[in-house]
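Below is one structure, written out as C-alpha cells; comments come after it.
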Amino acid sequence: MYDKIFPPKRIALPNGKVVEQKRSRMPIVLVLLFLALYYSIQFTDFELSVLLDRWKEFFFIVFEMIPPQWDYFPHIWQPLIDTIKMSLLGSVLGSVVAIPVAYLASSNVVKNRALVSGTKVFLSLLRTLPTLVTALIATFIFGLGTLAGTVAIFIFTLAYVGKLLYEQIENVEMGSFEAMESLGMNRMQAFRYAIFPQVSPNFLSTALFCFEGNVRYAAILGYVGAGGIGLLLNEGLGWRDYPSVGMILFMLVITVFFIERISEHFRKRLI
Amino acid sequence: MIEFIHVEKIYSNKVKALQDVNVKIDKGEFVAVIGLSGAGKSTLIRCINRMHDITSGKLIVDGVEVNTLKGKQIRTFRKRIGMIFQSFNLVTRTSVLKNVLVSFVPDLPFWRKVTGIFSKEHKIEALTALDQVGILDKAYVRVDQLSGGQQQRVALARTLAQQPDIILADEPIASLDPVTAKQVMDDFQRINEELKISVIMNIHHVEMALQYAERIIGVRDGKIVFDGKTEAVTQEVLDYIYKGEREVQQAVEGEQAYV
Amino acid sequence: MGTIERQLYASPNHKRYFTFITIILLLLFIWSFTAVNLQNVESSGWEIASTIIAGIFTPDLELLLTFTTQGVPYLLLETIAIAILGTVIGAILAVPLAFLSASNVVPSPIAWLTRLLLIFIRTVPALVYGLMFIRVTGQGPFAGVLTIALISIGMLAKLFVDAIEDLDTSILESMTSIGCTTFEKIRYGIIPQLFSMFLSIIIYRFDMNLREASVLGLVGAGGIGAPLIFAMSAYRWNEVGAILIGLVVLILVVELGSNRIRGKLVRG
C-alpha cells in the first residue's frame, strides 16, 4: 500500500544492474508520532509552565513524609500481613486453577477448536479487566474486606498465568506426547507425563513473578475497600497525615523488596 | 607488502604469543595460517592492523612501521586493511545495506555521521560490493533474516566497500557448515584473483587451507615452524606443525624456501 | 553394591529440599487462609452478582456511542492521550536513569543508589502518586500524565538496563578494524542495536500504561476511571457495562497491535 503511494527509488549500479530501494517509512511514522503527541497534549491539558511553577508542591509532600512516623508501625503490621496473605492466597489458587484452564486453551492437546478459542477469549477478557475494577465489583458481591481483594487477585493471576502457560504448552516439543499416547496413555495422562514436566519450571517461575506483582497490587486494593494496607493508605492520604503515609510506604517498599529477592532467588534456580 | 622482522608479542600475563617472527608477504598473495588453537595464529593476524601491539621487533606494512603509529594515524591506516571475523560482527537488527555503509563512516562529514544519511555515491559503492559477493538482492533485508553464510558475505562486502589492499580473516568459516564454507572460500579466492587484494587467513580446516591458499604458514607455540608453498605441504609437515615431532623437523628445514 | 544400585543412590537428591519447600509453602498457604473473613459476605451476594452481570451485558448503548465529552469514545481518547504522553515522558526520563544504574557505565555506588531509588519509585502505588500530583496540577488528566510518567520510569529503566547489558559488543571489534572513533562506534554500533529494543520496551509499557491510566480516575487524575467508579458506586450497571466494553475492546486492540509491532521490531 505504502509502496504504491511512494514508489521505490531506483538505484543504478555502474555495471548496469538496478536496485529498488523501498521508501523509508520513517517520515510517516514521525508525522504520526508528532500528531499523537500534539493531540495528547491538547487532550490532557498538559502545560509545562504549570509543572515548572508548581513542581515543588510534589516534593513538599515527599518531604512531609520524611521522617516517617515510626510509632505508627503497630497499626501497619496487621494490614500489611493481611495484604501479603491476600496476595499469597490469590496467587496460589489462581495459579492452580490456571493449569486446567490453560490445558483447555492449548490447541495442541485439546482438539475441540471451539473450546480452545472460547477459553482463550475468556482468558483475554479476564486479563483486560483492571484489577481495581474487579476488586470493586467483588466488594459488592463478597462484602468489604480481604475476601474481595483475594478474589480480584485470584482472577488476575488466573488470567495472567493461564495465558503464559498455554503459550508455553503450545510451544512444547510434541514428540514425547505422541510417544506416551502410543504407549497407550490417554491425552490427560500423556499431558501429565510428557508436557507438564517440560512447562512446570516456567510455570512455577511465572507464578512466583505474578505473586511479586500481586503484593504490589494488593497494596492499593484497600483503596476500594478490598482489604489490606490500602485502607490505611487511603485514610492517611485523606487526612493529609503524610508522616504516617511515609511510614506505610516505607514498610511497603521493604516488604516488596524482600519478597522480590526471595522470589528472584527461586526463579533463578528454576530456570 | 607486509614484513615481520624479529617480531615478539608478550601478553601482560607473561604469555609469549609470538617469538622471533620473520615473515614477508607480497601484494596479492593468498596466505593461510594454520596451527593448533592458542598457537598464536590470531595474534599474528591482529598485529598487522594493530588490533594488538607488538612487544618488540618491527612490523612494516607498505613502508609504514605499524608500531610507531598513534591515535588518528592508526585509524587512517586501518581503513586500508579489511578484517573478517569468525562471528561476522554485524548489527543484526538493521538492514544489510546499512551494515555495509558502516565502512564509509570514518570519512563522512559530521552531519552525515550524526544523521546517518548516506550519499547516493556511497550507496552505489556499497551495493556494488554486495553484488561482488552475490547478495545484491538481500540489500534491504534485515541481517537477522540471513543464513550464516550470507551474513559472512555481508561482512565480506563491508570489507570490500573499504577498498582495502589487504584482507585479514580470523577463522572466517569456523562457524559455517561445509557447503557454505566452501562458497565463502570461493568468494575469497575470487576477490584475491580479480581485485588483487592480499588475503591472510587463519584457518582451522587444513583441507580448505590446502585447497585455496597459495602459501601456508604453520605456527606452533608462537613460532613460525613452517612457511612455504602449498604444494610443499606433506603429511609430515602437518604432523610437524600440529604435533611437533622431531624427526620431521629435518625434512622440513630443507623446504623452508621462503624465510 | 552393584553399579545400578550405586547409580540409584547417586541420583541427585533434591527430594529433601523439595519436600522442605513444599511444606513451607503449604504452611504459608494455610496460614494465608486466616486473612479471609467470611462474616462480611452478604447472603444476597449471588443476587447482586446476577444483577451486575445482567447490567453489564445490557450496556447503555447511548453512552457507548455518543461523541460528547461524557461519552465513552471521548473518555477512551482521553485515557489513550494520558497513556501516550505519560509513556513518552517516562521513557525520556528513564534513559539517563538506566545508564546511571548500569554498573558497567558508572561507578558501582552510584549504580547501586540509582537502583535503590528505582525500586522505591516502582513500589509506591500509582494512586498515591496520583494524589500527590493533583496537588501540583489540580484534578484532571494532567495529573494522570505525570503519574503515568513516574510509575513507568522504574520498569522502563530496569528493562533498558537489561538491553544495555545484552548488547552484542563484537560489532565494535570490527568497527575498530575499520578505523572508527568511539563516537562512530556508539552511533553505528550501539544505537542501532538499542533503538529497536528500547522502542519495543516502550511500546510494551504503553500497553500496560493504558490499563493503569484507566483506573487513575479513581483519585481524580483523569481518564475513563472516574465515570466508571461513579457508575459503579451508583449501581448503574448498564453504564458500567458500556464503559467496560469500550475499555476491554480498546485494550485488546492495542495489545494486538503492540504485539505485532514488537514482534517486527525484535525479530524483523
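A Cβ is built for glycine as well, from the same backbone N, Cα and C atoms used for every other residue.
Any TrEMBL annotation is an automated prediction that lacks curation.
Over in TrEMBL, the protein carries these features:
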- C:76-258: domain 'ABC transmembrane type-1' (DOMAIN)
- C:17-36: transmembrane segment (TRANSMEM)
- C:48-67: transmembrane segment (TRANSMEM)
- C:74-100: transmembrane segment (TRANSMEM)
- C:112-134: transmembrane segment (TRANSMEM)
- C:141-161: transmembrane segment (TRANSMEM)
- C:186-206: transmembrane segment (TRANSMEM)
- C:213-234: transmembrane segment (TRANSMEM)
- C:240-258: transmembrane segment (TRANSMEM)
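Per-stretch counts of Cβ pairs under 8 Å to the transmembrane segment (C:74-100) identify C:213-234 as the leading one among C:48-67, C:186-206, C:213-234, C:240-258. At the 8 Å Cβ cutoff, the transmembrane segment (C:141-161) and the transmembrane segment (C:240-258) share fewer than 3 close pairs (sequence separation 6 or more) and do not count as touching. For the transmembrane segment (C:213-234), the neighbouring stretch richest in Cβ pairs under 8 Å, chosen from C:17-36, C:48-67, C:112-134, C:186-206, C:240-258, is C:112-134. Sequence-distant contacts of the transmembrane segment (C:48-67) (same chain, six or more residues past either end, CB-CB distance under 8 Å): 42, 73-74, 236-246.
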